[in-house]
Every structure is written in structure tokens, then in C-alpha cells.
Amino acid sequence: MAPVTSTVNAGPPGRLRSRRAREALTGLAFAAPAVAVFAVFMFWPLIQVFWISLQQTRGFGIAKWVGLGNYQEILSDKIFWTALLNTAVYTAVSVPLCLVAGLAAALLLNKRMPARGLIRAIYYLPAVISGVSSALIGAWLFNEDIGLVNRVLEAVGLGPVPWQSEGAPAMLSLVAISLWIGLGFNMVVYLAALQGIPREVFEAARCDGASRWATLRRITIPQLGPTTFFLIVIGVINSFQVFDIVYVMTGGGPGNSTTMLVTYAYSAGFEQRQQGYASAIGVVLYLIVLVMTIVQWRVNSRRDVA
């Protein structure tokens, strides 16, 4: 008996094209609100900032076209380079510390233990409160006269530390508060990644006699590579854009020792009324973050291929 075959009529080509067109229009309709919000609140302001950076403005007066004059001024501005160095140091110290602390907390709280959910919530709490509130807490903790940190140091015989009157301690206080704020977010992201690693991998490692350190170094950390890359990118972007804790805790002082790029741009734009120069600083900051993100992305892509 000959085999029976059946064919499915896909319909006329015109009807198929019409259906695809409707599906495409439906997708565009769903994406349109998000695209509109991005264009209005992100893309258009970015264009405006670049346009203003080519002008010299003084408050509400008439802007004067200066072309690349603001960018030329940046090259000879010592405070800008100090702010850039401070931002780089802050990023280089705070981002790795947040990564290590977040991973350590995630490894600890990924195990069964009493009140694990409560401890996770306590760790994550600083990430959900406003940055200004966290900065106010930091300003009280590191106050030279009535701060809790100095009182504890005096109680153990280490003496008070000039957290607000010397540059290095002031920067250290900012790093400490940023670590407290960023720990919870990194912990939650690492926890999600840890729970996504198959348990069979760890069981096989135990059967092969691998120690905990070997399992962590050869299995856990490599499996967390994409998560670590994501947190590095987010951490670098946030660190280069830090403003609230610096403005509240130190105000950029003492003597510009904690002035960051964003706080300097704020000072130039709102205190000195140099909106054009502040916009130029913002454009430079945007380009720095963009280049660093691209470099990190390329390095991570090469590592994955290798």
C-alpha cells in the first residue's frame, strides 16, 4: 500500500505577508512606549548636554558659542584632573571590595542556617533605602566629635581618626559607606547565580576528593564569571557617577581630596553657574564610562571564547 502523504496549505503568499506585517506592527506597538520614554528622558537630554557643552552660559543669560572651548579648558583644569583621579581611586578600591564582600556573604547565606531569610533581608536593606539616608548615617558614624566609629576606636585605645579633616581618612569613610550600600545588591545577584549552578557539579567534586578551596577556585568562581562581569560593569558605572554620599558626607573636601567628577560638575553647573562647562564634564564622564564598558565587554568576550 502506497504511503499516504499530507500537505499543509500555508495560504496565499499575500495573506502570509499580511500576517507577518500585523505581527511586526504589534511588536512595534508594544515597544513604542519604552522607545518613547528612552528618547524623551535619555537620548534627547544627551543631545542637549552635548549642545550646551559647546556654549558658555552664566545662569539664565544668553549663551555664547565657544565650540570646543570648554573641552580645552578641561585639559588645563587641575581640579578636574584631581576629581578624575579621586574617582578612579574610589572605583578601584570600592568595586573589588564590594565584589569580594558580596560573594563572601552569598556563599555564607547560601547554606542552611537559622534565621537565614532575616539575615539576608538585613544585608539587603541598605540597597533599598535612599542614598541620602545612607549618607546621613555615614556622616553620623564618621563624625570626628560624636561619631560612633571614633568612640569605638577610642574605647580600644586606637584614638580618634580625622575622618573629615584629612583626605585619606575621608576617602576611606566614603569607601566604607559604599561597601555597606553595595554589599546587599551584590549578595543577592551572587545568590541567584549560585542557586543556578547544578548541584551535581559540587557532588561530583566531593566524590573526586576536591577540597572546599579547590571547589571554590575551580568550579564556583568560574561558573560565576558572567555574574561577576555584570557586577563589575554596574559597579564601575555607579562608582563613576557617585554623588549623594560624597555631597552629604564630605562635600568634596577637605581641599578637593574627595571631589568626584559628578560633584565637580554639579559645583560648576549649579554653584558657579557654568552650565556649559559642567555639560562638557558630563560628556567627558559619559565617554569615559562608555569606553571602560566597551573594554570590559571585549575582555570578557575574549575570555569566554578562550
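Numbering starts at 1 and runs along the chain as it is shown here.
Backbone N, Cα and C atoms are what each Cβ position is placed from, and that goes for glycine too.
According to TrEMBL, the protein has these features:
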| type | residues | note |
| --- | --- | --- |
| TRANSMEM | 25-47 | transmembrane segment |
| DOMAIN | 84-296 | domain 'ABC transmembrane type-1' |
| TRANSMEM | 88-109 | transmembrane segment |
| TRANSMEM | 121-142 | transmembrane segment |
| TRANSMEM | 170-193 | transmembrane segment |
| TRANSMEM | 227-250 | transmembrane segment |
| TRANSMEM | 276-295 | transmembrane segment |
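The transmembrane segment (170-193) shares more Cβ pairs under 8 Å with 88-109 than with any other stretch in the list 25-47, 88-109, 121-142, 227-250.
Within the chain carrying the transmembrane segment (227-250), a Cβ under 8 angstroms from the stretch's Cβ atoms is held by residues 87, 90-91, 94-95, 98-99, 102, 130-132, 134-136, 138-139, 142, 164, 170, 173-174, 177-178, 181-182, 186, 189-190, 193, 221, 258-263, 266, 285, 288-289, 292-293, 296-297, 300, all 6 or more beyond its ends.
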